[in-house]
Amino acid sequence: MELKFSTFLSLTLLFSSVLNPALSDLCNPDDKKVLLQIKKAFGDPYVLASWKSDTDCCDWYCVTCDSTTNRINSLTIFAGQVSGQIPALVGDLPYLETLEFHKQPNLTGPIQPAIAKLKGLKSLRLSWTNLSGSVPDFLSQLKNLTFLDLSFNNLTGAIPSSLSELPNLGALRLDRNKLTGHIPISFGQFIGNVPDLYLSHNQLSGNIPTSFAQMDFTSIDLSRNKLEGDASVIFGLNKTTQIVDLSRNLLEFNLSKVEFPTSLTSLDINHNKIYGSIPVEFTQLNFQFLNVSYNRLCGQIPVGGKLQSFDEYSYFHNRCLCGAPLPSCK
C-alpha cells in the first residue's frame, strides 16, 4: 500500500511539473522578474528571444546561474542588437559576478549608476558601444573587480584617480575613448595588484607620473596620446614587465640611459622624440616585437640577439641610426 502511494505521489509531482514548468524551475523568481523587465526595457530584442516567462531562466541565452544557489551570476550580451541605455534594473541582480555589454553600437547614454549596487561584481565589460559621459568615480566601490573594460566607447573627461583603490584589479582597459587630462598620480600607487594598463588612443597629456617607478606592470599601453617627457620610470632592471607600447606620443628621454627588465619581449616607442643610442643590452632580450622608428636615435644598431631579425621599418627615420638592417655606418 505504501509503495502504491509513493508511486502515486511521484507521478502526481511529475505531471504537475509538466503542466506547470515553474515548479521545476531552478531560476530564482526574483531574478527572472528582473530579467524580463530588462528585456522589456530593451524593447524585446531578438538576442533575448529565449527569455520567456514559461521557461527556466537558468537556460536562457546570455545568462548563467550559480550551480549551488541558482542565482543569476552572469549577464553577458555580446554582439546582439540592443538599443537605448543600460537599464537601472541591472542593479537588481544582486548575485552578479560578470556583467558584459560588448559590440553594441546602439547602446547609448552614460554608464549606469545602478551598477554600483553590484558589490559582488568581478568582471565588468562595457566595450565597443556608444556609451558616453565620464568614467564614473563610483566604479571604485566595486572592490571585487578583477577586470574592468570600458574600451572602444565615447567616454570623455578625466580618469578618476579612485580606480587605483580597486585591490583585486588584474586589468584596466580605458583605451579607444576621448579621455583627457593627466594620467592620475595614484596609478603609481595601486593598493593591491598592479593591473595590466591600457590607456591608448585617447587625448591624455602631461608627463607619465614618476610614481610609475614603483609599479611593475606586466603589460602597459599608453600609445597614441599626447604624453610628454620621460618614460624611463616605466622600466627597471628588477621589474618583470613584458609588453610596453608608448608609440605616437611626445616623449623625450635618453634611451641609452634606461635600464630595461630582462623579461621585456615587446617594445614599441615609434613616433616620439627619444634620443641617444640603442643599448647593447637589447641583444640580451628575447624580443618578439621591436619598433624604435621615427625618433632621434643615433649610432650603430648593436649586433646580436633578435635585433637583426627585424626589418628596416623597425629602425628607420631616426637622426643618425645605422647598421644592419639599416645601411652600414660610414
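Backbone N, Cα and C atoms are what each Cβ position is placed from, and that goes for glycine too.
As given in Swiss-Prot:
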type	residues	note
CARBOHYD	Asn106	N-linked glycosylation site
REPEAT	119-141	repeat 'LRR 3'
CARBOHYD	Asn130	N-linked glycosylation site
CARBOHYD	Asn144	N-linked glycosylation site
CARBOHYD	Asn154	N-linked glycosylation site
REPEAT	194-215	repeat 'LRR 6'
REPEAT	217-237	repeat 'LRR 7'
CARBOHYD	Asn238	N-linked glycosylation site
CARBOHYD	Asn254	N-linked glycosylation site
REPEAT	262-285	repeat 'LRR 9'
CARBOHYD	Asn291	N-linked glycosylation site
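Outside the repeat 'LRR 9' (262-285), and at least 6 residues removed from its termini, the chain residues within Cβ reach (under 8 Å) are 223, 231, 235, 237, 239-256, 291-307, 319, 321. Nearest to Asn130 (N-linked glycosylation site) in space, judged by Cα atoms and limited to the glycosylation sites Asn144, Asn154, Asn238, Asn254, Asn291, is Asn154. Geometry remark: Asn238 (N-linked glycosylation site) versus Asn291 (N-linked glycosylation site), CA distance 23 Å.
Taking Cβ pairs closer than 8 Å, the repeat 'LRR 7' (217-237) reaches residues 175, 183, 194-211, 243-253, 257-262, 264, 268-269 in its own chain, all 6 or more past its ends.
The Cα atom of Asn154 (N-linked glycosylation site) lies nearest to that of Asn106, taking the glycosylation sites Asn106, Asn144, Asn254, Asn291 as the candidates. DSSP assigns Asn106 (N-linked glycosylation site) to coil, not to a helix or a strand.
For Asn154 (N-linked glycosylation site), the Cβ neighbour count at a 10 Å cut-off comes to 13, with all displayed protein chains included.
In this structure, the C-alpha atom of Asn144 (N-linked glycosylation site) lies 40 angstrom from that of Asn254 (N-linked glycosylation site). Under the three-state DSSP scheme, Asn154 (N-linked glycosylation site) falls in the strand class.
Ranked by Cβ neighbours within 10 A across all protein chains shown, the glycosylation sites Asn130, Asn254, Asn291 are led by Asn291. Asn254 (N-linked glycosylation site) is 46 Å away from Asn106 (N-linked glycosylation site) when you measure Cα to Cα.
Helix, strand and coil counts from DSSP across the repeat 'LRR 6' (194-215) read 5 helix, 8 strand, 9 coil.
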